[in-house]
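Engineer: Feature annotation from TrEMBL assigns domain 'G-protein coupled receptors family 1 profile' to 17-55. The annotation transmembrane segment is assigned in TrEMBL to 7-29, 35-65, 77-97, 109-131.
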Amino acid sequence: MWISIPFFISHVTALLGNSLLIFIILTRPSLHGPMYFFLCMLAGADIVLSTSAVPQALAIFWFHAGEISLDRCITQLFFIHSTFISESGILLAPMSVSSSLSMGLGSLLYHIAPHVHVLLGKVCILAPLMLNPVIYGVKTKQIWDQAV
């Protein structure tokens, strides 16, 4: 299905971008400071969030897996919500609140088709994950200098 292509591209971009950011910070001694370790924690949280949310969306699109087991659902909810809590505890409270609201209000929206609900929920989760490594790398001159 064509709609899965943006999800797949954003998932790969989030994984590669955040992994590259963590790799650069951990391998360069000049970047071993509190601010850069802070960025590593945020990038790690982004990787966990992307990995816990996107594969199920891709399974729905590619394999028409409309149902998941209760164990998988609870595990996915645990990782998504614990990652949101850790990111808001670190710094990203406004982003976490907006994403939590979009997911929390989903149970109240019975008149929206399930595929539209899944699409909107995943976009709210994926957009920050895909853009965070770009923002971190461009805005931080030391990371940009080490990457180039």
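Backbone N, Cα and C atoms are what each Cβ position is placed from, and that goes for glycine too.
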Engineer: With DSSP, how much of the domain 'G-protein coupled receptors family 1 profile' (17-55) is helix, how much strand and how much coil, in residues?
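Structural biologist: DSSP classes over the domain 'G-protein coupled receptors family 1 profile' (17-55) add up to 36 helix, 0 strand, 3 coil.
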Engineer: What mean pLDDT score does the domain 'G-protein coupled receptors family 1 profile' (17-55) have in the model?
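Structural biologist: PLDDT averaged over the stretch: 87.
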